[in-house]
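All remarks here apply to the structure that follows.
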Amino acid sequence: MHSSLIKLGFLLLLIQVSLSHAQLSPSFYDKTCPQVFDIATTTIVNALRSDPRIAASILRLHFHDCFVNGCDASILLDNTTSFRTEKDAFGNANSARGFDVIDKMKAAVEKACPKTVSCADLLAIAAQESVVLAGGPSWRVPNGRRDSLRGFMDLANDNLPAPFFTLNQLKDRFKNVGLDRASDLVALSGGHTFGKNQCQFIMDRLYNFSNTGLPDPTLDKSYLSTLRKQCPRNGNQSVLVDFDLRTPTLFDNKYYVNLKENKGLIQSDQELFSSPDASDTLPLVREYADGQGKFFDAFAKAMIRMSSLSPLTGKQGEIRLNCRVVNSKSKIMDVVEDALEFASSM
């Protein structure tokens, strides 16, 4: 009996440790896998040779991951019989991309450091490296996240901002996930300084804004004409349009210059400057438009805040071996099975 009590006490301690939250740290892989950063960079550089927009796509993947149950790589999971993938959510279907690049990155990392780097951390690192490769700021990514054991499609539909959102709707979505500062919203929206968007997401702005039969009145007339040529009323709505008409592949502050000139591509972007409720966001748009350094600093800080949202840490979740599927047996299940075994032996 005494031996059984010792075993039970040890088991309870193990469970307590397993469910505890460890601290995210930029030095998390310094000893266990310092080469992960070089592997991420090399993989993205190779992908950029054939796909100039992949850096923007990877940043978007990380953003959409963090907005759904925290940064847990749930967006990378494929469909299973027990859950629907977040890839099928409205904000991701036929638009989220870059999964194959993350797959290649993960395979290389597993070869160099087996069972060490989580997919959640890898996506956070890849997002940072993507921004740097496009000319943007660098920051030390806090690592130590674990990967989720399932996807959350319904939560993705509830949490991801939409391109037709008003400013107040945007603020609500950001606040709901823990990003309640105006600088979070304005700086992170600056991720639209590179990359592309599909015509389908701006058709109402161009031809029937708020069911008026007219274009969005905040849209610059010359820019409206340019966009209508790229996205004709009865044209292919999958055609891609640059977010930033000035420097479409560079990560810079021209996104904010565009907003000041009423040349934001999607409604939710222009809302930061043109909405009647923009008293706290408009000054930041002007500040970032006038000073790229201020934008870069704010973006780096906001990325660190976003990437630290509700992480799985310690023994929570798992370190997936393949980012598309959960491991055959999770660490948590190991603990549960040990508990049942000890209980049955008492």
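Placement of Cβ uses the backbone N, Cα and C atoms for every residue, glycine included.
Since the structure is predicted, the reported quantities are computational estimates derived from the model, not experimental observations.
What Swiss-Prot records for this protein:
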type     : residues                          : note
ACT_SITE : HIS64                             : active site, proton acceptor
BINDING  : ASP65, VAL68, GLY70, ASP72, SER74 : Ca(2+) 1 binding site
BINDING  : PRO161                            : substrate binding site
BINDING  : HIS192                            : heme b binding site
BINDING  : THR193, ASP244, THR247, ASP252    : Ca(2+) 2 binding site
DISULFID : CYS33-CYS113                      : disulfide bond
DISULFID : CYS66-CYS71                       : disulfide bond
DISULFID : CYS119-CYS323                     : disulfide bond
DISULFID : CYS199-CYS231                     : disulfide bond
CARBOHYD : ASN79                             : N-linked glycosylation site
CARBOHYD : ASN208                            : N-linked glycosylation site
CARBOHYD : ASN236                            : N-linked glycosylation site
MOD_RES  : GLN23                             : pyrrolidone carboxylic acid
Near-site residues: Ca(2+) 1, ref ASP65, VAL68, GLY70, ASP72, SER74, CB cutoff 8 A to centroid: CYS66, PHE67, ASN69, CYS71, ALA73, ILE75, GLU86, ALA120, SER148, PHE152
Output field, Ca(2+) 2 shell: CB within 8 Å of site CB centroid, site THR193, ASP244, THR247, ASP252 dropped: PHE194, ARG246, PRO248, LEU250, PHE251, ASN253, LYS254, TYR255
Rounded distance in angstrom between the Cα atoms of ASP252 (Ca(2+) 2 binding site) and HIS192 (heme b binding site): 10
Recorded positions near ASP244 (Ca(2+) 2 binding site), in sequence order, restricted to CYS33, ASP65, SER74, CYS199, CYS231, ASN236 and a 10 Å Cα cut-off: none
Distance, CYS323 (disulfide bond) to SER74 (Ca(2+) 1 binding site) (CA atoms, angstrom): 9
Between GLN23 (pyrrolidone carboxylic acid) and GLY70 (Ca(2+) 1 binding site), the C-alpha gap once rounded to whole angstrom: 15
Residue pair ASN236 (N-linked glycosylation site), CYS199 (disulfide bond) - Cα distance, angstrom, rounded: 8
CYS66 (disulfide bond): tally of other CB atoms within 10 A of its CB: 30
Cβ-based isolation winner (fewest other Cβ atoms within 10 Å) among the binding-site residues ASP65, ASP72, ASP244: ASP244
Neighbourhood of HIS192 (heme b binding site) by C-beta distance under 8 A, where only residues 6 or more apart in the same chain count: PHE243, ASP244, TYR255, LEU265, ILE266, ASP269
Neighbour tally for CYS323 (disulfide bond), based on other Cβ positions within 10 Å of its Cβ: 22
